[in-house]
Amino acid sequence: MAKWGEGDPRWIVEERADATNVNNWHWTERDASNWSTDKLKTLFLAVQVQNEEGKCEVTEVSKLDGEASINNRKGKLIFFYEWSVKLNWTGTSKSGVQYKGHVEIPNLSDENSVDEVEISVSLAKDEPDTNLVALMKEEGVKLLREAMGIYISTLKTEFTQGMILPTMNGESVDPVGQPALKTEERKAKPAPSKTQARPVGVKIPTCKITLKETFLTSPEELYRVFTTQELVQAFTHAPATLEADRGGKFHMVDGNVSGEFTDLVPEKHIVMKWRFKSWPEGHFATITLTFIDKNGETELCMEGRGIPAPEEERTRQGWQRYYFEGIKQTFGYGARLF
């Protein structure tokens with residue numbers, strides 16, 4: 001997918017008589033099985049919980065069967081992973097008595113969300129009953145799901161590098177349908193005075209846009225996509241920096257998009273000052289993202305206020321394509337593959 005503010009890499013193929021797979025535009029596949037094995041073992045073996053009854057920890061990954069891969073089809077990433085896992089855990093009571101048990105995870109796959117993955121916790125044969133089983137089933141299972149979520153997120157970021165490359169020579173060009181201003185017009189725009197305070201931006205004609213989109217994931221997961229640096233880099237296919245706190249800054253898409261978070265309520269809404277670098281200096285729009293739970297799906301409502309009037313359609317199309325479709329293509333949150 002082309003970056004916001006750049007040309008589409010697919011067209012480089014037209015310049016070659018041999019139709020070489022430039023920028024991996026045609027079908028490519030990357031095997032992530034070995035990496036996944038190491039990553040899952042590291043994450044699972046870090047699981048440890050404790051309460052007034054004692055503590056429990058995963059001590060061994062006794063079985064890890066499966067595979068993982070990433071496919072790039074015409075610039076769109078498709079993730080596949082399927083694992084059957086067995087773990088051994090040890091519990092130690094406050095009195096120092098040790099207990100051993102097992103965990104089975106038969107269906108860690110791309111067909112199930114993390115919350116849908118089955119996790120079975122049990123004591124080893126001939127072990128006496130202990131309240132530590134309840135600790136492992138409740139708090140231990142929560143940490144196991146967190147570990148699986150981290151695995152899935154990192155799989156979708158670390159292995160995308162190089163599968164969709166930037167435009168030729170790394171040069172940024174204006175999007176189609178957005179002609180650059182003539183030199184005379186750019187010169188005619190006076191630069192804002194550095195001594196003049198601009199708390200609310202420059203005065204220009206503005207407009208409001210609203211968009212709605214449904215994602216096949218939970219509000220919690222979709223919120224993470226917008227507030228986790230690695231996930232933002234994954235769906236934009238470009239470097240990004242962000243601090244997901246009130247007052248935290250963000251820079252995305254090689255600096256083409258920047259702003260500041262002004263309010264964040266996990267799983268509920270995000271409010272931010274947002275600008276595209278071609279906008280008049282000092283001007284920010286206010287973007288509000290509202291996450292609505294729709295029985296396992298999420299309806300995302302985007303409202304943008306203060307959009308420069310000449311940029312209305314470009315901004316609308318940019319959010320639809322580079323945010324919404326980009327997220328669906330990268331993480332599989334769409335009803336269909338784009």
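Along the chain as shown, the residues are counted starting at 1.
Positions of Cβ are set from backbone N, Cα and C atoms, glycine also.
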From S36, S109, S258, the one Swiss-Prot labels phosphoserine: S258
S62, S69, S193, S278 - residue that Swiss-Prot labels as phosphoserine: S193
Listed as SUMO1 cross-link by Swiss-Prot, one of K55, K182: K182
For K212 (N6-acetyllysine): DSSP state (helix, strand, coil): strand
